[in-house]
């Protein structure tokens, strides 16, 4: 049996000193760094661990070069972050451009021109929260967040975010967990573009126009564009909210009172995320990924959001990730967030 231990190629380095008013206190905080001189061995282990197959030696060499770039990026992020960890994962041999093409799928261009949402109510989320909101809250604690799924190499994040939102709202209303079909949205939604991208608000519109959405079992996910199938649509929507997020304080209240929210972010800085609260997540690549906001809290004086991704449970914190709150991490404040409204019969 082969055992893979990337950590044997890691150096543990001192990170930061903490200074009190009159006393010097040294904080034992460390970060990890991969030994770049062992990049080839790390790559060989990576290829075997993740069953990577390349068409020829030329492609393998090109992937190794990308792997080294990602390795350097992981080291840089671990040196920068004192509350999160980044490490080699199954995506360590793809570039940022490939990530955007294959593993995201938010398509902002669908909101341009004359297209307008007919069923989603435009709602501005601004100002401070009104009423009492708990300091921390997570819908997973109420079992109202369904299992993490895998979108594969298909730009269908919009479908996964929208479906996850509906599944959560259904559980909140009925205390019943459902597994709904993302593939039906990929195949049948005529406004969004299947594996070539879409928006969560348009997904809700498509479900309303079609009369509902099917279960996963009769319409399983394939990760490729297919022909729309005529299956029974079990869950119906009566409307949706198209959120313009301007206040993270108010967003906290919306999340707590109404349920998980489909949000748009720039995910590139989190490609190799493993755990913890990422403090440094830019929007340099533009909004490109749809995920589900499920909770918030505070750890070691760092306020954070908790979000559900669609890259499988082996990524991040069992498929979830945390980013710093109240600093517009990953560009979370934008006008592309959305949430469904279940019909009275659903």
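Glycine is treated like the rest: Cβ placed from N, Cα and C.
Feature annotation from Swiss-Prot assigns signal peptide to 1-28; the stated evidence is sequence analysis.
Annotated disulfide bond per Swiss-Prot: 154-195 (among others), in sequence order. When secondary structure is read from DSSP and collapsed to three states, residue 195 (disulfide bond) falls in the coil class. Here the Cβ of residue 195 (disulfide bond) has 21 other Cβ atoms within 10 Å, regardless of which shown protein chain they belong to.
What Swiss-Prot lists as active site is 157 (among others). Every protein chain shown contributes to the tally, and the Cβ of residue 157 (active site) ends up with 29 other Cβ atoms within 10 Å.
Counting only residues at least six positions away in the same chain, no Cβ atom sits under 8 Å from the Cβ of residue 175 (N-linked glycosylation site). Look at Swiss-Prot and you will find 175 (among others) tagged as N-linked glycosylation site.
The disulfide bond annotation in Swiss-Prot covers 188-228 (among others), and the record cites similarity to another entry as its basis. In the three-state DSSP scheme, residue 188 (disulfide bond) falls into the helix class.
The local packing around residue 230 (N-linked glycosylation site), expressed as other Cβ atoms within 10 Å of its Cβ over all shown chains, amounts to 7. Residues or ranges marked as N-linked glycosylation site by Swiss-Prot: 230 (among others).
Sequence-distant neighbours of residue 281 (disulfide bond) (same chain, 6+ residues apart, CB-CB distance under 8 A): 265, 266, 269, 270, 323, 324, 329, 330. According to Swiss-Prot, the feature disulfide bond maps to 281-330 (among others), an assignment based on similarity to another entry.
Shown in sequence order, 104, 105, 106, 157, 264, 265, 266, 267 are the residues of the chain, 6+ apart in sequence, with a C-beta less than 8 angstroms from the C-beta of residue 289 (active site). The active site annotation in Swiss-Prot covers 289 (among others).
What Swiss-Prot lists as active site is 309 (among others). Its Cβ placed at the centre, residue 309 (active site) has 29 other Cβ atoms within 10 Å.
Minimal Cβ crowding within 10 Å, among the disulfide-bonded residues 154, 228, is found at 228.
In this structure, the C-alpha atom of residue 230 (N-linked glycosylation site) lies 22 angstrom from that of residue 154 (disulfide bond). In this structure, the disulfide-bonded residues 188, 330 were compared by how many other Cβ atoms lie within 10 Å of their Cβ, and the smallest count belongs to 188.
Closest to residue 188 (disulfide bond) in space, going by CA atoms and restricting to the recorded positions 154, 195, 309, is 195.
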